[in-house]
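*Asks:* Per Swiss-Prot, the feature [2Fe-2S] cluster binding site maps to Cys21; the stated evidence is sequence analysis. Residues annotated as domain 'Glutaredoxin' in Swiss-Prot, with sequence analysis given as evidence: 1-113.
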Amino acid sequence: MDRVTRLASQKAVVVFSKSSCGMSHAVTRLLRELGVDARVVELDEEPAGADMENALAGMLLAGTAANGGGRGRGVVVPTVFIGGRLVGSTDRVMSLHVAGGLVPLLRDAGALWV
């Protein structure tokens with residue numbers, strides 16, 4: 001978990017992804033189209049990728065439990081951090097975007113200048 005936390009705080013937006021995941025590509029494309037230069041960590045290309053994936057699963061599980069939801073330990077990619085804080089996966093990022101909350105969050109984190 002330390003490695004995940006350290007990586008997540010190194011840039012305004014960090015996406016933990018897998019190179020073969022379509023949803024990961026969708027989220028990174030959305031961020032890119034908004035003008036965000038996100039750091040993308042491809043877990044399937046990292047030597048410690050499996051350990052990081054387990055850490056992310058635990059973080060997501062803790063986050064959904066704290067929010068009254070139950071996502072379980074299924075799919076963990078993409079997992080998005082903005083401003084060093086866990087935002088969540090595709091559903092959360094897209095919900096924020098549709099509701100108009102993603103851009104202000106990105107601005108507050110310094111990921112957008114406009």
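Placed from the backbone N, Cα and C atoms, the Cβ positions cover glycine too.
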*Asks:* Determine, from DSSP, whether the residue listed as '[2Fe-2S] cluster binding site' sits in helix, strand or coil.
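*Replies:* Coil, per DSSP.
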*Asks:* Suppose we draw a 10 Å sphere around the Cβ of the residue listed as '[2Fe-2S] cluster binding site'. How many other Cβ atoms does it contain, all chains included?
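*Replies:* Its Cβ shell of radius 10 Å holds 18 other Cβ atoms.
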